[in-house]
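Undergrad: Next up is a structure, given as structure tokens.
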């Protein structure tokens, strides 16, 4: 059963027909907006009002750009994609755990308010279906905005056609967003995050003296109920037990707010899994199960009926439903989970893992220091990402004997398994750095690294190049060689140099046209080819002279030498500019001189906390601060022109 919830969640194919009604409503609203371009609609005291359109205020520090040069314009679609993938509608990605707020999404809100909600949800659904977003928070936040924006009393009709059209648009937008919940919120963690964002948006978008909205109207209740009722019983049991609570929310909270009632569905009464599902719903609310009906005495049945759903009791259970409950694997899993909460016996825990396919999250915390428990978790087909994440823990408890080490080496160097698991090379490089250092960043966990595993992680890094698809672009990769590049990347065991050389090797191996240069206050061409290993590259760079950092040099060098590149990637630690020409100006001059008007530049400052080189109005510039597992996918999306 654990296989149903593998580490990588497959998304379904996007069905555009599901958004057809919203598309038609949007088109009608935009036609009306074109006729009344001097007004806009807002919510005042819970009602829609027409107000004169205001010129957008120029933000503090913004000035009109008269510098000239070629600028690659940013469309509304690009801004939406940037927000969904980067977590920002500007040309920047910040490796940070900070929570997204309504202030981060003002441009997205403006696009929706202008009647383009269909485009926003279409982009969201497509990116989600293709698994193009490396993180879920911006995706879920956008879905919550679409589900809660401009909440008003939809029962009141006015004599103004435009207000009525806007009201229809908002209602269709809310309905379409709620319909997407099962596809976007694939785990309870996502669902809890969505609900939390909805509550935040409801509170922060109250206008004037509007009465506070709980956010739990009929549509919201039905959507949350549907998330639970459409799961198979075995998958629902796994979800309820593996993810009992997150983000300050629990399944019990959602059930008490959404009031899902299985008997509201006409088909439920005749469903074979009716009793099984009613038991799971009880577990979600009460945290326990009642004895299965086939095993109850008459007295026990009478006691249970006192607290059971009265609607359910009106319809007798069929023989098939009683048999299904009695033999239920889903209920067996929940019972095993409940029994293990205070279990101390390793033998009992191990037997439960083998019988029910339990995963780490099901087990009591005290058992996670057991060698036998980890041996069993590994042996019952541990998913690749879970195996990589737990290498250190399994080494500490002594669970990795020679046979299991050989198994790990085989899996890490199996290109087909790496392909199926979609493990990016950088994830393996990072895992190697974590494992090889023999200690954790938090707590007192230390271990003696197994050299075979270290070597396999590096070998897997090269094998996993298949998971970094080529873009067909011409690259100039510029590596800062200043001494500070040996320091660690923010929130990572990799040094800035290791991260830069790792990313560079992926491009060198997978792309047809790549040139590497080293820069500080001067520029040096590098002899790297796809045959070089990461150790060779690091040793070579370590022997170069270094000075101050001039991030404009690579573009200036390419301009002066009439070289043709589609993409410049600047790898540095913290200093982003110390030269005569700003990178912002250097790329514009390069575009003008080369005729490659959509040439792109990425400045990756891996230790910086907050900086901005990119012009947010230029779709060909991207800032990245910090470095994490999301960066490679973000770079690919940017280079291929998708954000």
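Glycine is no exception: its Cβ is also placed from the backbone N, Cα and C atoms.
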Undergrad: Using only what Swiss-Prot says about divalent metal cation binding by 482, 484, identify which of 413, 430, 549 is listed for that site too.
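TA: As annotated by Swiss-Prot, 482, 484 share the divalent metal cation site with 549, chosen from 413, 430, 549.
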Undergrad: Among all the protein chains here, how many other CB atoms are within 10 A of the CB of residue 482 (divalent metal cation binding site)?
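TA: If we count other Cβ atoms within 10 Å of residue 482 (divalent metal cation binding site), we arrive at 22.
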Undergrad: Determine the most Cβ-crowded residue among the binding-site residues 484, 549, using a 10 Å radius around each Cβ and all protein chains in the structure.
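TA: Answer returned by the neighbour count: 549.
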Undergrad: Under a three-state reduction of DSSP output, how is residue 484 (divalent metal cation binding site) classified: helix, strand, or coil?
TA: helix
